[in-house]
Each structure stands twice: as structure tokens, then as C-alpha cells.
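Residues or ranges marked as substrate binding site in Swiss-Prot (evidence: similarity to another entry): G81, G82, N83, L84, R103. The annotation divalent metal cation binding site is assigned in Swiss-Prot to D104 on the grounds of similarity to another entry. Feature annotation from Swiss-Prot assigns N-acetylalanine to A2.
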Amino acid sequence: MAAFATAEACDSNAELISNGDLRALHPIFKIYGQRRCFSGPIVTLKVFEDNVLVRNQLETKGEGGVLVIDGGGSMRCALVGGNLGQLAQNNGWSGIVVNGCVRDVDEINDCDVGVRALGSNPLKSTKKGHGEKNVPVHIGGTLIRDGEWLYADSDGILISKTELSV
């Protein structure tokens, strides 16, 4: 991906911001992974302290997409760890945004993928397979729909109804 500046995107797309087609997530996410800047079409998951669907999704070809995981904001366990970070890298995912925690931070930071999460927790999640895929999720003060576009850099995270020109 070419360098994409979220601040510039906001400055040059005032109309999209005013009509709600371009939205910024609240600045609550910590930055992990080697990609500080990433973007792609969104695939959504809604899970709670269970990462079976996360693994299942990351086992598919990412084709430059971004997996957005609504983990309910739980800080009690991690939904993504080093193995899943490596899986995301190997399968061509551009990034992962977790409304929840990660673990194996050093391993994730070695992966060529962008990861944003609320924090880290060494506890693993349950493995029951509960959750939903391709559903609207509400994260960081923003409604996010499957198929929208996500743009992330060191300044923040934007959600766009359509792909923006870089």
C-alpha cells in the first residue's frame, strides 16, 4: 500500500465527513505489528472472549482486507496472539482491528501486518466458536459495516463507505 495519511484524507474530504460517509474512530487503540499504515476492505466479526471465528477468518485468503473484530471491549483475555498474527501475514491480510486485547506482543510486532487493539493481556480466550460474521459492529464511537473501507496510520483510524483515492 502506498503511504496514506488519514489527516490529509480528512482535510480533503470534508463533504464525506459531514454526510457520514467518512468517519474517524475514537483514539483508543494501541499500535502493534510492523505495518504502521494499512488499509483495505473490511470483514467484520462480533465475538466475546472467544476467538474460534477469528482463527477461521484469518485462515482464509485476506486479499489485502482488514479484519475488524468487535470483542465487546473485553480486557479479560486476548482475541489475537502471535500465531494469528502470523496467519494473517501468511494469508495476505493488511490489518486487524480488535475492540479487545492481543497477546504475544513481541511476536505480533514481528509480523508484517497492522494490528490495533485496546491493550494486551496474556490470558487466552475460550474456544467455543460463538459469534457472528459479516454483521454491523459499533466500535470506537462508530458504526462499521462489512465491505466498507478502513484506513489506519499513526494518527488514527478512518472508516469510509467507499474506497478513497490515495
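Here the Cβ of each residue, glycine as well, is placed from N, Cα and C on the backbone.
Shown here: features listed in Swiss-Prot, placed on the structure.
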{"residue": "G81", "record": "substrate binding site", "Cβ neighbours (10 Å)": "21"}
{"residue": "G82", "record": "substrate binding site", "Cβ neighbours (10 Å)": "17"}
{"residue": "N83", "record": "substrate binding site", "Cβ neighbours (10 Å)": "13"}
{"residue": "L84", "record": "substrate binding site", "Cβ neighbours (10 Å)": "28"}
{"residue": "R103", "record": "substrate binding site", "Cβ neighbours (10 Å)": "20"}
{"residue": "D104", "record": "divalent metal cation binding site", "Cβ neighbours (10 Å)": "21"}
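Excluding the listed site residues G81, G82, N83, L84, R103, the same chain places A78, V80, G85, Q86, V102, D104, E107, I108 with Cβ atoms within 8 Å of the centre of the substrate site Cβ atoms. Taking every pair among G81, G82, N83, L84, R103, the residues recorded as binding substrate, the greatest CA to CA distance is 10 Å.
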